[in-house]
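All remarks here apply to the structure that follows.
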Amino acid sequence: MTNLDNNNLNEEIKNKLEKQQNQKEQKLIIVIMGVSGSGKTTIGNAIASSLGCGFNDADEFHSEENKEKMRSGIPLNDDDRKPWLSSINKRMIEFLNNENDGANDHVFTCSALKSTYRDQISNNINKDNLLFILLQGSKQLLSERLQNRKNHFFNPNLLDSQLSILELPTQSELSNHHYAFIDISNSVDEIVEEIFNYLK
């Protein structure tokens, strides 16, 4: 093989690697976060449907033990949540590393109540590959929604425990990640439109 052939081959490899890196950098994970009753699943499904992309609800990653605790009205602790958050992070990284799926976006829901929880799910993920959407509303509205929710393992009596540990993003988090804050008193269509304004 001549030097010219080698140069052409090296250039092809370089271009291919750059293309793969650009594809990876263009991928975006949208995390719909907030306490139970804030509408994470409803909004997450609506966003994923509008984008035509994949969707994962954090409930999929809970162990049966975690679900039973919540069903019984027992709040989860940090140890309960650690493997759950690790599983979500693993799925996120799988999405980012899959260069053959043709998808640039993926929506996840996760309560992500504490700063440390958000650190766990965003571990080894580039800032520009991740957008946190925090759904916020009054305790009264959240409670009403939970009381009206059917066939879900989450005990409405756990709302107070979630609100008590909810940590708004710190200044450091706001510098290291992209955040959007959404008022859930608006309609689903209005919320989706507001989120799309952040995505532009």
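Using N, Cα and C of the backbone, Cβ positions are placed for all residues, glycine too.
If you check Swiss-Prot, you get these features:
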- Gly34, Val35, Ser36, Gly37, Ser38, Gly39, Lys40, Thr41: ATP binding site (BINDING)
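Structural mapping of features recorded in Swiss-Prot.
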residue : record           : Cβ contacts under 8 Å, 6 or more apart
Gly34   : ATP binding site : Lys40, Ser111, Leu134, Leu135, Gln136, Ile184
Val35   : ATP binding site : Ser111, Leu113, Leu142, Leu159, Gln162, Leu163, Leu166
Ser38   : ATP binding site : Leu135, Gln136, Gly137, Leu142, Arg145, Ile184
Gly39   : ATP binding site : Leu135, Arg145, Ile184, Val188, Ile191
Thr41   : ATP binding site : Asp57, Asp59, Thr109
Starting from the Cβ centroid of Gly34, Val35, Ser36, Gly37, Ser38, Gly39, Lys40, Thr41, which together make up the recorded ATP site, report each further residue of the same chain whose Cβ lies within 8 Å of that point, ordered by sequence. Thr109, Ser111, Leu135, Leu142, Arg145, Ile184
In this structure, which of the binding-site residues Ser36, Gly37, Lys40 has the fewest other Cβ atoms within 10 Å of its Cβ? Ser36
Provide the three-state secondary structure of Lys40 (ATP binding site) computed with DSSP. helix
